[in-house]
Amino acid sequence: MLEKESDLTAMEKPNNKHAADSFSSEDLVSPVKKAKKSEEVSGGGEAVAAVGNREAEEDKPSFVSEEKKEFLVEADVAEDKGARHTMEDVWVVLPDASLDFPGTLRCAHFAIYDGHGGRLAAEFAKKHLHLNVLSAGLPRELLDVKVAKKAILEGFRKTDELLLQKSVSGGWQDGATAVCVWILDQKVFVANIGDAKAVLARSSTTNELGNHTEAGNPLKAIVLTREHKAIYPQERSRIQKSGGVISSNGRLQGRLEVSRAFGDRHFKKFGVSATPDIHAFELTERENFMILGCDGLWEVFGPSDAVGFVQKLLKEGLHVSTVSRRLVKEAVKERRCKDNCTAIVIVFKRV
């Protein structure tokens, strides 16, 4: 995403000793009981909490609508630095973000932050975005879609504002793209900036019992995010109005490929934005699973290809942790992904 990355990393001091070549949260944590505070598994750096997302069955996050339909959400993550010398992706798997707010809507949060020119911006966003979204008024009692979207927009704005202040004082120059998911009750919100992507696997029909009918049939892959690159007309227009130049290589000022990101303070004056696109949908029996991935994953997997790969493994009865690991392994070892590669697989089950 950023050419001449070495020019931008001279003043940063990332701690990469925790970034293994290949990683899943299953490798790090064991089953835990429900914590008194929000349980988080976060990766790509020194702040790795020793709690997991495989709780006892009665403690797993589920979401109940007014019709009392209940969905179990299982998720896990895997990462690999690929051919890169350092790992600049970080991630969050927060299966129950509502434990700090008793009596509120059940909430889950998942995110991938893909750093470029370093990992400081990605780490900052991981630590602050979710809290800023909550502080901005993410609904906790009665779901209001407009209010939720407004809170997400404000959370992104506030996070980037604070990051830019920090980057000036700390001499940071790096940036990070993001793909984030919040699940409130049965409503799913997906927000992204840059080229990280979320793909939904949906069945074409359900039978009269409400069960999936995709057995033997491919699921439909639905891309829930929109890529933000400087070469795309809508993004190019904003950049040019801000005085930015798209070079012949398709990059802003000849260097930055993405047009929306956290950080990148030297490019903000040229129209780089941290305003996300937000997509919302309702969980029904047709939604099977989601795949969140950084651009490294999608460079070697098409959306339908990735959905088919995951569907096959899930039909074999493999746990979501194994599925996420195999997806990343396939991308890096078999398909020769050269970039950092991180994927979160989120499975929806009706119980």
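Just so you know, glycine gets a Cβ as well, placed from its N, Cα and C.
Here Swiss-Prot flags 1-63 as region 'Disordered'. Marked as compositional bias 'Basic and acidic residues' by Swiss-Prot: 54-63. Swiss-Prot lists 74-348 with the feature domain 'PPM-type phosphatase'. Per Swiss-Prot, the feature Mn(2+) 2 binding site maps to Asp114, Asp295, Asp339. Swiss-Prot lists Asp114, Gly115 with the feature Mn(2+) 1 binding site.
Positions of the features from Swiss-Prot, shown on the structure.
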{"residue": "Asp114", "record": "Mn(2+) 2 binding site", "DSSP class": "strand"}
{"residue": "Asp295", "record": "Mn(2+) 2 binding site", "DSSP class": "helix"}
{"residue": "Asp339", "record": "Mn(2+) 2 binding site", "DSSP class": "coil"}
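Cβ-based neighbour count (10 Å, all protein chains) for Asp295 (Mn(2+) 2 binding site) stands at 24.
Here the binding-site residues are Asp114, Asp339, and the one with the most other Cβ atoms within 10 Å of its Cβ is Asp114.
With respect to their backbone Cα atoms, Asp295 (Mn(2+) 2 binding site) and Gly115 (Mn(2+) 1 binding site) stand 11 Å from each other. A gap of 11 Å separates the Cα atoms of Asp339 (Mn(2+) 2 binding site) and Gly115 (Mn(2+) 1 binding site).
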